[in-house]
Amino acid sequence: MDEDSKPLLGSVPTGDYYTDSLDPKQRRPFHVEPRNIVGEDVQERVSAEAAVLSSRVHYYSRLTGSSDRLLAPPDHVIPSHEDIYIYSPLGTAFKVQGGDSPIKNPSIVTIFAIWNTMMGTSILSIPWGIKQAGFTLGIIIIVLMGLLTLYCCYRVLKSTKSIPYVDTSDWEFPDVCKYYFGGFGKWSSLVFSLVSLIGAMVVYWVLMSNFLFNTGKFIFNYVHNVNTSDAFGTNGTERVICPYPDVDPHGNSSTSLYSGSDNSTGLEFDHWWSKTNTIPFYLILLLLPLLNFRSASFFARFTFLGTISVIYLIFLVTYKAIQLGFHLEFHWFDSSMFFVPEFRTLFPQLSGVLTLAFFIHNCIITLMKNNKHQENNVRDLSLAYLLVGLTYLYVGVLIFAAFPSPPLSKECIEPNFLDNFPSSDILVFVARTFLLFQMTTVYPLLGYLVRVQLMGQIFGNHYPGFLHVFVLNVFVVGAGVLMARFYPNIGSIIRYSGALCGLALVFVLPSLIHMVSLKRRGELRWTSTLFHGFLILLGVANLLGQFFM
């Protein structure tokens, strides 16, 4: 009787991994042919022939009680989703509705979903990275890093397919790491994933402080009819400035001269509206309460703003390049007064930025699950990376080439290229305001992801209590405030966090998993070992280069 009372839709355990979904390969429902359904009622009576077939399913269920997956019914005997019925011990059958299945996207939607996910704050630092590496070497590094990260992402995507006799349809990359390396693999992937998320939140805090400062400054100057002239900048309608020409690049503000009705008003405003001394603390009042929301579904509605902001940035870059023209002069190894060499030893700073700019490895499996044509996953992933790489090249090359040298030196290009335009620039003001609102809605989403990953692993609950969540949020916000106060250089923050999380999730873990999988199948060759070992060394060198270059 105990055997008969077991539900026919019971899940099949597979070692330490347990799947709890309606996937037909994992769940073993009872199938009733349409001709064996008697009547058209909501609860349709099952014929005697169907009842006999039910007994066979009971027999299979006894076999599948074993941990050996080979005793499970073969996949080809499981009917298609639209023909599945669930048999009840009461003698009734219910048709499984397909409405709860995830919507599959065409390839074009999948490609732009990947593009939109990768287009983050790193795009603002690409021109600065090209300046650090040199114009020619910078372009080469963008192409090479795009190819390397694409291959590693391909290895992540294929990692679930190389595991035999286990249903991996709902697995993520941390599950794959746990399968191959146990608890160490799972926790290491989790820690480095948190590094990338918290690093992004710190960059967001610095940028939001920057955008709020410049937005408030624009409004104040407009209301009080104050004209500011930066001491270091070009003349003309399309002004470009050099905020830190001869001072510490992590200083608080650029040199500005006020002219208006009341100079003391401007000085008082600067005292209470400081980019590093006050603005980072003002943001606490706005963002800390938002982080404590139990659900982030409200903020998820504004994710489309990311696409709009990137499109506007592309328009802004194109317009500025047309207005300013190109200013290039090639010096291959020696610098001049206004230009940098084409090849510089600071190139690891660009590779660190690009590691995060091309980083999507921790969620690529999830994104590709919704692709309508799974056989095109590799092609769509490659096209998405091509689109991302072209976007970075377009923005980086145009800003670097259009930067007016002379009279300004290329060394003046800031880690956030919007800082090279005065706060009075209307088009840049629109970009800053738009990005400020967009980041205000995305920041709680990032905090929610940090909470889900960390609290879910430690407490088994995404919201164990208000106190736990509040302490975590205070820690994350505190990290952002400290960086915005003492080190507001988003280029360096991005490159350090990118190189650190990229070492594990981009270079080491995908390569090790692929080599271990080949070794277990007896297919590992010395050429594969050499190539993937070289990738691991590149990841280590990329991280070390951030500290020594």
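For all residues, glycine too, the Cβ spot is worked out from N, Cα and C.
Taken from Swiss-Prot as is:
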- 1-27: region 'Disordered' (REGION)
- 129-134: topological domain 'Lumenal' (TOPO_DOM)
- 214-271: topological domain 'Lumenal' (TOPO_DOM)
- Asn227: N-linked glycosylation site (CARBOHYD)
- Asn235: N-linked glycosylation site (CARBOHYD)
- Asn252: N-linked glycosylation site (CARBOHYD)
- Asn263: N-linked glycosylation site (CARBOHYD)
- 323-344: topological domain 'Lumenal' (TOPO_DOM)
- 404-425: topological domain 'Lumenal' (TOPO_DOM)
- 432-442: motif 'CARC motif' (MOTIF)
- 445-451: motif 'CRAC motif' (MOTIF)
- 489-495: topological domain 'Lumenal' (TOPO_DOM)
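For the topological domain 'Lumenal' (489-495), the residues of the chain that approach it from at least six positions outside its boundaries are 121-122, 124-125, 128-129, 132, 199, 202-203, 206-207, 249-250, 348-353, 355-357, 415-416, 483, 546, judged by C-beta separation under 8 angstroms.
For Asn227 (N-linked glycosylation site), the Cβ neighbour count at a 10 Å cut-off comes to 10, with all displayed protein chains included. Outside the topological domain 'Lumenal' (404-425) by six or more residues, the chain places 124-125, 127-128, 131, 207, 210, 214, 217-218, 221, 228, 230, 232-234, 239-245, 320, 324, 327, 329, 337-340, 431-432, 489-492 with a CB less than 8 A from a CB of the stretch. DSSP assignment over the topological domain 'Lumenal' (404-425) gives 7 helix, 0 strand, 15 coil. For the topological domain 'Lumenal' (323-344), the DSSP counts in helix, strand and coil order read 2 helix, 0 strand, 20 coil.
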